[in-house]
């Protein structure tokens, strides 16, 4: 039997999603340990998209296979009670055997939030980035539109990125402000390592007036990571979750 889970987590205390076997706790290892305890047998999960250390997940989707019979609600609640307080299973549904959390997804969504004021955050320091320079979100939004479409995003990929190529389709990019908080929301078919944080780091330079709006288009065309902006800090980034065709019968928040 194959199940899909929707998982929410605060990434502050983890070295990332992936279980690499050493170097500190991972979200994946914590989830697999809890699931295995419920099943009373070892279980492994496959996720829709891996996140880095300090990055959060609002509705990460995973799947796992098991012969153990449990009600979906028992998987959800039983697993959550065995997890650290920074991880929760939001839902569990049985899925077809050919459903794949990663390969069945048609899009992925991220949100980056930063506090734009002179003084650093105290209360929300684990879920907000911070920029003391005054930023113009309208300039950031205008600049970001140059990235929409299928492009080579080499200028915004990490040097550690292991993807075979840098072509990705960015479907939308919206920059907005609510009071002192600027939000960058993106959706694409897939993302390169550090791609969202590198885009945000470059957009900040446009918003501060250090670079013109046209600079983002020039970066994209130049494909040179060394001349783009710095990588934005991880704590402002949330993986909102993937999106799937409706034939998989998943909850509405992850369905196209």
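Heads up, the Cβ atoms here are built off N, Cα and C, so glycines get one too.
Computed from a predicted structure; not experimentally measured.
In Swiss-Prot this protein carries:
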- 52: active site, nucleophile (ACT_SITE)
- 110: substrate binding site (BINDING)
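Highest local Cβ density among the recorded positions 52, 110 belongs to 110, counted as other Cβ atoms within 10 Å over all protein chains shown.
Here the Cα atom of residue 110 (substrate binding site) is found 13 Å from that of residue 52 (active site, nucleophile).
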